[in-house]
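Written out below as C-alpha cells is the structure these notes cover.
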C-alpha cells in the first residue's frame, strides 16, 4: 500500500514536469488589472471590488471557530481539523490580500491576493484526500500541498509564468466534483460539494464577464464584484455540509446511487413485472437514500 501511494506521488510529479516541458509559458496579462468598475466611494478607490471581500473575513472566522470548537462540525477522521482550519484561515485571509490588491491593482499586490486563495485550494484538496482516499495520506499531504501552493505563487511572481498556479487552482475544481461523483463518501450530504463547486464555477464566469455584467446592470455592479460575492458562498455551503452531515452507513458514491435509482424506476415502471423484478427493485430501493 505504501509503495503504491509513493508511486502515485512520483507519477504526479512526473506528469507535472512533463506538462511544464511541453506547454508554453503563461505570462501575466497586464490587462487583468484593468477592472470594469473603478468608482471610488468614501475615499476608497475601486470601492465595490474592495468591500465585496469582507464577507470572506466573517465566513472564514466563523468557520475556523466552529472547526476548532469541535462540537458544531462532524470531524471524525485524522487530519480533518488541521485541513479545515487551514481552509478557513485562507478564506479569512483573502479579505486582507484581495482588498489590498484592489486598492491599487498591480502584480506586486496580486501576490497577496493569490496567496490566501492557494491556501484554501490546497487545504481543501488535502481534506478531500482525507475523506475519499485515505485519512493518513491526506493528513500527510496537508503541508506539502500548502507548500506547493505557495511555491506556485512565488514561481509566477519571479518567473512570470502562471502554469503552476493554474494547476493549483483548477485541479481541485476538476478533481473534487469527479471524486464526489465516483468515490464512496465517509459522510452524508455529499451533494453540498457539488453546490460549492457550482457556485465557484459561477464566480469564474462572473469574473470573465466583468465588463459585460457592468454594462448589463447599468453600471450598478461589475462581474468582478459579483465574483467575490459568489465565491464567498462556497465556504458557506461547505459549513452547512460540515454541520449537517453524519457518518455514512452505506458508503456508496453518487453515481452508483443514481444508477440504482434509475434501475429501480425502470423495474417498477414495468406494467407486468416478474416476482424477481419486484424483489430486485425492493433491494435496490433500500440502497437509495
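Even glycines carry a Cβ here, placed using N, Cα and C.
According to TrEMBL, the feature compositional bias 'Basic and acidic residues' maps to 269-280.
Positions annotated as region 'Disordered' by TrEMBL: 269-289.
The signal peptide annotation in TrEMBL covers 1-24.
Positions annotated as transmembrane segment by TrEMBL: 51-69 (among others).
Through the fold, the transmembrane segment (81-103) approaches residues 35, 44-46, 49-51, 53-54, 56-57, 59-61, 63-64, 67-68, 70, 73, 75, 109-110, 112-121, 123-124, 126-127, 130, 138-139, 142, 146, 228, 235, 238, 242 of its own chain, all at least 6 residues removed from its boundaries and within a Cβ separation under 8 Å. Among the features that TrEMBL reports, transmembrane segment is placed at 81-103 (among others).
The annotation transmembrane segment is assigned in TrEMBL to 115-133 (among others).
Residues annotated as transmembrane segment in TrEMBL: 140-158 (among others). Among residues of the same chain six or more beyond the transmembrane segment (140-158), those with a C-beta under 8 A of the stretch's C-beta atoms are 28, 79, 82-83, 86, 107, 111, 114-115, 118-119, 121-123, 125-126, 129, 164-165, 167-168.
If one looks beyond the transmembrane segment (190-206) by at least 6 residues along the same chain, the residues whose Cβ comes under 8 Å of a Cβ in the stretch are 173, 176-177, 180-181, 213, 223-224, 226-228, 230-231, 233-235, 237-238, 240-241, 244-245, 254. The annotation transmembrane segment is assigned in TrEMBL to 190-206 (among others).
Summarising the annotation, TrEMBL assigns transmembrane segment to 226-243 (among others).
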